[in-house]
């Protein structure tokens with residue numbers, strides 16, 4: 001016997017298979033719920049949601065830092081065991097129950113409504129800070145339409161005697177990012193006020209998002225033709241450009257050189273699992289919504305496999321492209337370092353040019369060290385090692401806004417490459433935002449927060465305006481620190497809990513037997529043994545293990561954050577500071593509230609139901625009294 | 001006036017005739033011959049070769065040994081208080097098109113410096129003689145000092161030389177096809193280019209364009225959906241009136257129903273079933 005938790009009343013809450021077929025053929029029913037114009041729109045929207053900024057700036061870093069080519073092994077294994085089953089589950093349940101995330105979980109069991117609410121909360125938090133990243137991308141995009149990119153040189157100081165000292169000590173790209181873009185404060189406590197240029201960019205980001213989601217999937221479906229395909233075009237252009245640059249192949253070789261000893265390190269597997277999980281945008285509720293707009297007999301199994309494959313391929317492709325450019329930058333830095341050393345040697349010993357080249361640098365240095373050791377010591381020559389430059393692995397915003405922008409300034413015709421790169425990042429992020437916002441809007445509609453008389457444009461508009469205002473927190477001076485706080489806590493642990501509850505809810509509360517029957521009805525054949533094993537045992541187990549490790553890691557580590565402090569001793573290295581005490585309250589709100597919403601709502605519903613059943617029982621007594629009276633009247637009538 | 005014949009010719013002669021070459025600086029590889037005129041110098045050399053005017057030569061030799069070398073040695077030396085070190089990186093600047101740095105180039109440099117000094121001090125006429133170079137290395141680097149045109153023993157102070165160089169820096173660079181980085185005057189920092197500040201930052205222009213387009217799009221979509229709604233409402237009210245008319249006239253499914261109402265088919269559900 002399969003394990004199945006008791007779930008009374010399930011039949012009443014869901015549409016039967018016959019009803020679903022009727023819905024398919026009837027014209028009237030479809031007017032209520034939006035529909036995809038064609039399958040391409042649906043696939044592109046899902047691909048766009050899954051393929052996001054993480055594929056470009058998180059995966060390459062993980063790949064390079066966890067043994068290069070060897071990282072593919074845990075990544076692919078966990079993709080197949082964790083990503084594909086979860087994706088198939090969300091698609092199938094959305095298509096079957098034909099509701100958004102809140103509706104689906106309330107339908108499966110009223111106590112599971114908390115999962116829907118937690119999904120909505122997480123999607124909301126992530127939408128807020130994700131669109132701020134879009135605002136940063138837009139700022140860089142707007143600034144790329146200049147002949148000399150503003151981050152390619154340091155500005156002059158006030159008296160025009162020299163360069164600004166903060167810029168001189170660090171680098172033009174660092175200065176442009178930390179000072180001219182973020183205007184960052186040295187501490188999260190100092191908020192530094194709103195940065196007006198960033199407010200404008202934030203408004204423009206939300207405006208562009210609004211125009212794409214103004215009528216729901218009717219407009220989103222058209223927008224994804226551009227936002228989901230353009231990144232691939234740009235990546236290909238960059239690949240061709242990158243391969244023609246000097247040193248690009250050394251970057252790619254470095255990325256993919258396998259170090260199989262990393263496979264024994266549990267962190268590698270953990271990071272691979274987390275990357276697969278977050279990269280698939282599971283537990284946001286958006287995927288369930290999107291697949292609920294499909295026709296009932298859409299082949300969700302095929303879709304899940306295709307989208308997983310596309311996501312995996314995009315990660316590897318983007319990593320290759322990024323590392324050609326990083327290889328070029330590292331080679332450029334190495335050449336500059338070596339060139340600087342050679343020049344110093346030539347100048348100090350007045351040797352003719354061309355005497356010391358890259359090839360004989362070591363020999364010459366050794367011989368000079370033998371003859372004039374004290375002079376050599378006094379020169380403080382830097383050690384130049386290409387591998388050190390290559391392994392300066394950066395991820396996240398640092399990769400996009402510092403490392404990559406620096407590499408772009410060294411390429412000829414820099415503004416063109418800059419514009420292309422930031423348009424690609426913008427499209428990647430915008431298509432992910434569609435899914436995030438869907439995960440917020442549909443539960444809000446289901447909860448009845450907006451009056452029914454309001455048109456769709458008004459509800460999306462109100463949501464965008466409110467989110468824009470809430471997002472002002474991220475465009476202050478300390479906004480960057482708030483963003484990384486939200487990123488670490490709002491988008492990590494709650495998602496793992498939600499995904500675990502989803503699996504358990506569908507497999508054990510909805511019933512794996514019923515689910516298998518549903519899939520057989522929808523696509524024509526029962527899901528095979530692979531799906532059975534992964535849904536019932538393997539994927540929940542992997543979720544649980546990742547969750548436990550993540551929780552332990554986060555709870556035990558001292559929470560530090562990196563700040564840009566021009567007054568610190570090790571400037572330009574980022575200074576690590578501990579969070580102030582009141583941040584822990586914020587962390588609890590971010591991570592705790594969605595996690596606790598799951599049991600909390602269950603408890604609330606349980607208590608309310610107990611109260612309702614008591615009231616029902618009382619009513620029953622009075623109704624039965626009523627029936628007795630009627631019967632007497634009947635007897636009276638029949639006798640006449 | 002100093003005449004500096006081609007190095008290898010003197011060397012050859014030096015090999016043959018030991019008292020023709022005068023060294024001002026023993027460590028450098030170059031020979032200097034002091035004479036009044038170029039032609040005379042050649043003649044002198046020729047005569048020297050043939051042993052004539054030996055006394056004159058010896059006198060000159062002594063003079064040179066005693067006075068002139070000492071003079072130039074005092075004026076131009078490494079770390080001279082009023083001198084500047086110049087460093088030239090030809091291969092870095094020009095790569096394969098790099099020209100050879102030889103005596104002609106040195107002369108050109110002295111001429112350029114004289115031009116720079118003339119340009120700065122417009123009253124005084126500087127000549128190539130007034131620029132003295134020394135401590136030449138194969139890097140290519142050397143020191144130079146500038147003497148006053150009125151008094152060959154007096155050096156022009158460092159600050160004035162700096163001003164002259166700064167003023168004419170662009171011309172000096174271009175004369176040698178070099179740049180601030182490859183023709184270095186150690187101690188004289190290149191003046192930084194004044195930044196070009198546009199009136200409106202370019203990003204604001206792009207921002208304006210994007211926001212304008214997006215707002216226009218939003219307004220267009222809102223207006224179109226409003227028009228669509230109105231059209232639907234108007235269509236529905238017209239349809240609604242048609243339906244009502246049809247019901248009043250007893251038309252159902254387009255068929256006129258005429259007839260009496262059969263009470264046999266009324267619902268008995270008012271009464272509860274037994």
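Glycine is no exception: its Cβ is also placed from the backbone N, Cα and C atoms.
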A:7, A:299, A:311, A:387: which one does TrEMBL list with A:48, A:51, A:55, A:279, A:428, A:432 for the Na(+) site?
A:311
Match it up for me: which of A:345-368, A:489-512 does TrEMBL list as transmembrane segment?
A:489-512
State the residue range annotated as transmembrane segment by TrEMBL; the candidates are A:174-195, A:196-217, A:394-415.
A:196-217
Among A:150-167, A:258-275, A:276-293, find the range that TrEMBL records as transmembrane segment.
A:276-293
Tell me which of A:8-28, A:71-91 corresponds to the transmembrane segment entry in TrEMBL.
A:71-91
Given the Na(+) site residues A:48, A:51, A:55, A:279, A:311, A:428, A:432, which other residues of that chain have a Cβ within 8 Å of the mean position of their Cβ atoms, reported in sequence order?
A:47, A:49, A:50, A:52, A:53, A:54, A:281, A:314, A:431
Using a Cβ-Cβ cut-off under 8 angstroms and a sequence gap of six or more, which residues of the chain neighbour residue A:279 (Na(+) binding site)?
A:50, A:52, A:54, A:55, A:58, A:59, A:83, A:311, A:315
Which one, from the binding-site residues A:311, A:432, has the smallest tally of other C-beta atoms lying within 10 Å of its C-beta?
A:311
So which residues does the transmembrane segment (A:229-256) touch in its own chain, when a touch means Cβ under 8 Å and the partner is 6 or more beyond its ends?
44, 51, 60, 63-64, 68-69, 314, 317-321, 323-328, 330-332, 334, 386-387, 390-391, 411, 417, 420-421, 423-424, 427-428
How about long-range neighbours of the transmembrane segment (A:42-59): same chain, 6 or more residues beyond its ends, C-beta under 8 Å?
36, 133, 217, 220-221, 224-225, 227-229, 231, 275, 278-281, 286-287, 290-291, 293-294, 303, 306-307, 310-311, 314-316, 318-319, 322, 395-397, 399-400, 425, 428-429, 431-432, 434-435
On the three-state reduction of DSSP, what should I expect for residue A:51 (Na(+) binding site)?
coil
Which range out of A:276-293, A:305-326, A:458-477, A:489-512, A:581-604 gives the transmembrane segment (A:533-552) the most CB pairs under 8 Å?
A:489-512
Can you tell me which recorded stretch out of A:111-142, A:196-217, A:276-293, A:305-326, A:489-512 has the most Cβ pairs within less than 8 Å of the transmembrane segment (A:581-604)?
A:111-142
By a simple count, how many Cβ atoms lie within 10 Å of the Cβ of residue A:55 (Na(+) binding site), its own Cβ left out?
26
Distant-in-sequence neighbours of the transmembrane segment (A:458-477), which means Cβ under 8 A and at least six residues beyond its ends:
124, 127-129, 131-132, 135, 182-185, 190-195, 198-199, 201-203, 206, 209-210, 213-216, 437, 440-441, 444-445, 450, 483
